[in-house]
Amino acid sequence: MQFDAELLLLAMAPVFLGCIGWEAWHVRRTHPEARIYNWRDTLCNTALALMHQGADKLAWLFVIPVYAWCYANYRLFDWRAGWWSFAVLFAAQDLLYYVFHRCSHRVRWLWAAHVVHHSSERMNFSTAFRQSLMYPVAGMWLFWIPLALLGFPPKQIVGIVLINLAFQFFVHTQAIGKLGWLEYVLNTPSIHRVHHARNACYIDRNYAGVLVIWDRLFGSYVGEDANEVPVYGIVEPLHTYNPLKATFHEWASMACDVARVRGWRNRLNALFAPPAWAAQYHASVRVGQSAFDTAGHTQRNNNAAV
Ligand SMILES: [Zn+2]
Ligand SMILES: [Zn+2]
């Protein structure tokens with residue numbers, strides 16, 4: 001019987017649920033005052049995971065033929081199956097994941113999907129379940145096309161994408177401290193806690209999927225500081241446990257902003273500028289400033305930090 005790679009995450013569900021059970025038990029025993037789990041938050045996360053699984057399954061139907069076409073017509077290499085080709089596929093996909101993840105934090109169109117993963121103010125294993133069914137619409141699948149061009153068939157692409165995602169489940173926890181030399185090689189719970197924090201010194205750092213070497217190479221690595229406790233969530237808090245609101249709120253906000261601002265430059269910024277643009281625009285609306293209501297006035301705002 002052949003294992004269907006598309007079902008990897010569902011097949012691992014018992015392991016994921018076991019980890020959640022262990023973490024909830026462990027934290028209650030060691031830090032009874034810490035409220036790491038909330039059943040509404042966990043239910044919302046689980047609903048988001050199931051919605052994401054459904055959308056992903058559907059998306060592969062459309063995306064796999066695109067990979068197959070690129071592979072059949074434009075592949076650069078032919079790989080003999082073995083550890084060497086697996087290592088190249090793994091490293092290439094992990095690097096592309098880093099690029100995708102970094103873009104997802106710097107381009108609002110992609111952030112509109114990725115924000116779902118960050119909008120909880122809690123951090124536990126179930127936070128890994130928070131995924132968006134809108135990833136296929138945002139264009140996440142485009143980032144894996146280079147793998148087909150490198151000569152990897154669609155089934156291997158789907159498999160490695162899901163292996164990467166499955167690994168990332170295990171970095172969503174506060175129950176595990178720093179892991180010694182592994183902190184130099186792998187994405188770890190400590191490294192990923194920083195990624196989920198909105199503290200000024202932590203925000204937009206540590207984009208690693210499996211290997212943290214990309215963050216260290218490209219200057220986006222920050223270590224967890226024992227004196228700076230991570231504060232989880234997003235700059236403009238969501239305050240809902242409704243999975244549909246969590247999925248679509250940023251898309252709705254983006255559409256409102258596009259309709260509201262004047263001038264093509266502002267509209268393009270509303271769609272593709274870093275998310276900080278939107279936070280600053282919303283702040284300006286709250287205080288009645290009009291800098292964004294006319295074309296050509298956004299450059300200075302665009303570069304400002306939130
Ligand atoms: Zn992220
Ligand atoms: Zn995460």
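Heads up, the Cβ atoms here are built off N, Cα and C, so glycines get one too.
According to TrEMBL:
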DOMAIN    86-220  domain 'Fatty acid hydroxylase'
TRANSMEM  6-25  transmembrane segment
TRANSMEM  58-77  transmembrane segment
TRANSMEM  83-100  transmembrane segment
TRANSMEM  132-151  transmembrane segment
Intrachain neighbours beyond the transmembrane segment (58-77), with Cβ under 8 angstroms and 6 or more residues off its ends: 6, 135-136, 141, 144-145, 147-154, 157-158
Counted with DSSP (H/G/I as helix, E/B as strand, rest coil), the domain 'Fatty acid hydroxylase' (86-220) has 86 helix, 3 strand, 46 coil
